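In Swiss-Prot this protein carries:
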BINDING   Gly76, Thr79  Na(+) binding site
TRANSMEM  5-25  transmembrane segment
TRANSMEM  38-58  transmembrane segment
TRANSMEM  69-89  transmembrane segment
TRANSMEM  97-117  transmembrane segment
Amino acid sequence: MFKTILAVSAAGIAGTLLRFAAGTWVSANWPKHFYAATLAVNLVGCLIIGLLYGWFLLRPEVPIEIRAGLIVGFVGGLTTFSSFSLDTLRLLESGQALIAFGYLGISVFGGLLATWAGLSLTKL
């Protein structure tokens, strides 16, 4: 378990630093397009998590430390949107379309509502 925690932590640092670097670079070069870094890391993260998930399905012998380190740590540090996308896709693939679309809708609209509520609370 300690090796898994260490792998997730180390890879998480790398993913987080990459996300920070992307945001810093975009802010310095295109300040009006601040959202571009988030969009880029979300899309790249989705591509990476899809590749890793598919690769790990084909290679069950890959140790849990590597699996968790790369998916939970690195990709999770880079973006949590990729995990959300994979969860939705897995629900669809398992024939649970109603749950998948409910999850999608609640995540997006609930997230926007929760963010608005949090911002509103700071104005009280």
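Including glycine, each Cβ sits where the backbone N, Cα and C put it.
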Candidates 5-25, 38-58, 97-117; stretch with most C-beta pairs under 8 Å toward the transmembrane segment (69-89): 5-25
Query: Residues sitting near the transmembrane segment (5-25): Cβ under 8 Å, six or more positions beyond its termini, same chain?
result: 34, 37-38, 40-41, 65-66, 68-70, 72-79
- request: Could you give the residue numbers and ranges of same-chain residues that sit at least 6 residues beyond the transmembrane segment (97-117) on either side and whose C-beta is under 8 angstroms from one of its C-beta atoms?
  value: 84, 87-89, 91
Task: Note down the number of other Cβ atoms within 10 Å of the Cβ of Gly76 (Na(+) binding site), including every protein chain shown.
output: 21
Message: Give me the long-range Cβ neighbours of Thr79 (Na(+) binding site): same chain, 6+ apart, Cβ under 8 Å, in sequence order.
response: Gly15, Arg19, Val41, Asn42, Val44, Gly45, Cys46
Field: For Gly76 (Na(+) binding site), the three-state class that DSSP assigns
entry: helix
